[in-house]
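Accompanying notes for the structure given below.
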């Protein structure tokens, strides 16, 4: 596994260097997908192709589930599955030039093995998995101590917050504040490092696969916003938090508070 | 003025180094002010005292308007006024350890002279004023090209967005997305660099003084959310944007769209 970890980090950092160069040249080709705010660039596609080529060369048994180029569905999570988001936070990539991530999650028969989240501009690489622990760049990271919803910040998806899905406005009100970064990877890293107490959004498998492997290493909980297991199939409303806060938030969302 | 600029940057970077050291030691003393989410730390107060001491030693005519220690009101903006936010984004300072700024705005009889925003962890220093232009660290920054509300991101205060103050939900809907960073300095730097098209929040003079001097250098507009001049006296609902987008947003906010 150590060779795979080292290789994966090397590929992702190399992919990140290419993204930095592309940003410096200001020659992005931007298209829309499902809506005017659902962006994809030539770099999303190129980065995904680059990662898939490296992964498949290394592991000929690899199954791939990835955001672009028609790789967005798999018939099952059986075997070893690499879940790839070549640019998580494409809108930020285009409009901010920062706060975007490259992410890969590795699952074995649906169980998390490894997660890799690389915040390209910050050069902050969070990676790990249940059998090895969690690391930020080269340093071991300990499970954060998160006292309560009322003591921390919550990342919430803009549209879900506006429409008060799952009483998300009340969840925000009970916290220390709501943050919207526009990037699942940024939020899940914050959560793993104790800078957030929860993250609520509308996510696809490539948005949560890497972060999910890392958060589960810390015993944190993630599910759809009804408390049911994530399906790794299409977009779902998503909740992640450390165990006691997860239960507190789900009770607010489902109106089952005692 | 060059000596003042160099000294101010030096003081603010030194203050930032002290904040980094304090974060590394994890010994913050955190108190609340007006509400449970309005935080102040021993470092806010120490940083402000440090900056005031340096400023007054350099300029004995300095009037001071600053967030902490009872310096939060002035009878007028006559003469030379230094408006200081020792830690903008105290909540982020405490809970994220990043996304906070040290800010100083200098005004002469109410007119902007210089603004300084130092994002401590990013080591990103935006500074400038009408007579000298705008600089990011040592590089001259050009006025950003911002095409329309529909093409960019808008920073909006969480509570104002939740309560739909000034139709802010509709403003967000027409944009490419809403961001909430919890730090006025972060948002105003984004706006000055073209990573945002507007910023809407509830701000005090020390939150907007530095950024205001910089944005006005670029001909951008800022006012209260009714389009009236900012008072530099207490908290106000605030709007900043480049000129055509400012007008578009104000028309949505005031229901005066044609």
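The backbone N, Cα and C atoms fix where each Cβ goes, and this holds for glycine too.
Sequence annotations record features per position, and here TrEMBL assigns Mg(2+) binding site to A:67, A:85, A:87, A:88, A:207.
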Remaining residues near the recorded Mg(2+) site, that is with C-beta within 8 Å of the centroid of the site residues A:67, A:85, A:87, A:88, A:207 = A:44, A:84, A:86, A:89, A:90, A:101, A:103, A:184, A:185, A:204, A:206
Rank the binding-site residues A:85, A:207 by the number of other Cβ atoms within 10 Å of each Cβ, and give the residue at the low end.
-> A:207
For residue A:67 (Mg(2+) binding site), the nonlocal same-chain Cβ neighbours (under 8 Å, six or more residues apart) come out as A:44, A:48, A:84, A:85, A:86, A:204, A:206
Cβ-Cβ distance under 8 Å, sequence separation of 6 or more, same chain as residue A:88 (Mg(2+) binding site); the residues meeting this, in order, are A:100, A:101, A:102, A:103, A:183, A:184, A:185, A:206, A:207
Cβ atoms other than its own within 10 Å of the Cβ of residue A:87 (Mg(2+) binding site), all chains, total 30
